[in-house]
Amino acid sequence: MQLNSTEISQLIKERIAQFEVFNQSYNEGTIISVNDGIIKIYGLSDVMLGEMILLPDNEYAIALNIERDTIGAVVMGPYIHITEGTKVRCTGKILEVPVGVALLGRIVNALGFPIDGKGSIEHDIYLPVEADAPGVIERESINEPIQTGYKAIDAMVPIGRGQRELIIGDRQTGKTALAIDTIINQKKINLPCVYVAIGQKLSTIINVVKKLDEHDALLNTIVVVASASEAASLQYLAPYSGCAMGEYFRDRGKDALIVYDDLSKHAVAYRQISLLLRRPPGREAFPGDVFYLHSRLLERASRVSKEHVKNVTKGKITGKTGSLTALPIIETQSGDVSAFVPTNVISITDGQIFLESNLFNSGIRPAVNAGISVSRVGSAAQTKIIKKLSSGIRTALAQYHELAAFSQFASDLDQTTRKQLIYGQKITELLKQKQYRPMSISEQGLMFFIAENNFLDDISVENIIQFEKEILTYAYNYHLDLMEEINKDGNFNDIIKKKFIELINNFKNS
């Protein structure tokens with residue numbers, strides 16, 4: 001078959017018409033230095049602060065310093081294979097992490113990837129790790145409690161849903177134990193929890209996960225891990241990732257709880273990154289924006305209005321308010337709460353629970369210092385029975401500590417003073433509680449009623465704990481309906497008062 005010149009030219013024209021040119025442009029730059037996980041990039045333009053930068057092998061860095069000619073970025077993960085001269089690209093995206101119900105019961109890293117060996121997580125929703133806190137109009141007042149299960153805290157330092165309550169104290173004073181017990185106590189009401197481990201040993205994190213699993217609380221918890229062996233960039237990122245995961249529940253009309261363990265190590269990781277980025281150091285070598293580091297994180301914990309939930313879900317969920325309650329943990333050195341990071345976080349949060357080494361070592365656990373522990377908004381959220389019956393506990397303890405200090409110098413004490421000292425000792429003993437043994441509202445209510453109405457007068461200090469154990473067993477065996485009724489609505493009235501008196505008298509006569 002022979003083709004003439006006309007047919008050949010026609011074929012060429014058709015091919016030219018069908019030819020498509022793919023014109024794809026990239027915002028590309030070159031790495032000019034690599035230093036302890038910090039890369040300097042030359043040649044990138046129009047970079048956003050916090051933008052993801054694509055590195056070889058599908059790894060990412062985040063732009064934190066934007067200078068005239070160069071970009072300072074922190075690598076999210078290992079950086080040994082990254083060399084000078086490597087080409088990198090802008091993505092035009094701010095870092096996002098996967099969120100949703102599918103993450104409950106899983107252990108993930110700061111980027112949201114599973115690290116528990118249970119396979120991949122099916123999710124289709126991503127949220128940015130950095131988000132604006134809800135405005136004043138979008139918020140609701142706090143009027144519902146988060147029960148920690150600890151008598152000392154639910155009575156004296158109550159926590160409301162949407163509150164930020166700091167747990168502060170020296171190492172080995174029970175800070176993590178308190179937070180873990182609070183998570184365990186939420187399993188009864190299926191309240192989603194997020195536990196963020198920052199800069200901790202892997203052995204410690206494994207123990208925490210094991211305890212959550214043993215008490216059936218892991219299925220309701222997302223564990224976000226940035227251990228001490230991981231890059232400072234991932235330790236810096238972890239709390240923001242965990243917060244985004246918690247906000248998913250808040251913005252869908254649910255209540256959620258998040259624990260940051262701990263923000264002292266978070267501040268140290270940020271200090272390391274800032275110094276490597278050549279930012280000017282300030283007090284204790286922390287950068288000038290270390291307050292903003294924690295304020296923008298903790299302000300995202302809030303109780304949001306029905307309108308906010310409706311707007312975020314585009315009308316799919318209506319008539320529901322949501323909340324995210326934050327329990328940040330700060331470790332102090334020798335009880336110094338006036339250090340830079342502790343004072344910052346105290347001023348940001350809505351109160352603090354101060355755990356003291358001396359109390360812990362003397363066997364008072366939880367080692368709550370009632371004098372400087374405070375909840376600024378939680379009292380409005382207390383259940384009626386706890387609010388009514390625990391009002392005199394803090395006063396009694398304050399008087400006891402004052403008299404105990406005075407009695408060391410006085411040789412003889414009058415009858416009234418002796419009585420107050422013994423009552424204070426009994427209250428101190430009553431507030432002691434073992435780990436992983438959170439108490440329900442009805443159990444706390446009954447014990448506070450006994451203390452408030454002088455039913456402890458004929459019981460010695462040594463027998464308080466045994467008495468508590470026996471009367472609670474008796475209450476569940478013979479007055480189960482009463483205990484369940486109180487757990488359900490948290491009310492206290494004359495009928496319940498009469499039933500409590502009857503229960504106590506029957507127990508003492510048995």
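Cβ from N, Cα, C; glycine included.
Sequence annotations record features per position, and here Swiss-Prot assigns ATP binding site to Gly169, Asp170, Arg171, Gln172, Thr173, Gly174, Lys175, Thr176. Per Swiss-Prot, site 'Required for activity' is recorded for Ser373.
Working note on the binding-site residues Thr173, Thr176: by count of other C-beta atoms within 10 Å of each C-beta, Thr173 ranks first.
Each residue in Glu331, Leu355, Ser357, Phe360 lies on the same chain as Gly169, Asp170, Arg171, Gln172, Thr173, Gly174, Lys175, Thr176 and has a C-beta within 8 Å of the C-beta centroid of that ATP site, without being one of the site residues. Cβ-based neighbour count (10 Å, all protein chains) for Lys175 (ATP binding site) stands at 25.
Comparing the recorded positions Gln172, Ser373 on other C-beta atoms within 10 angstroms of each C-beta gives the minimum for Gln172. Counting every protein chain shown, the Cβ of Gly169 (ATP binding site) has 27 other Cβ atoms within 10 Å. Within its own chain, Arg171 (ATP binding site) has Glu331 as residues 6 or more apart in sequence whose C-beta sits under 8 angstroms from its own.
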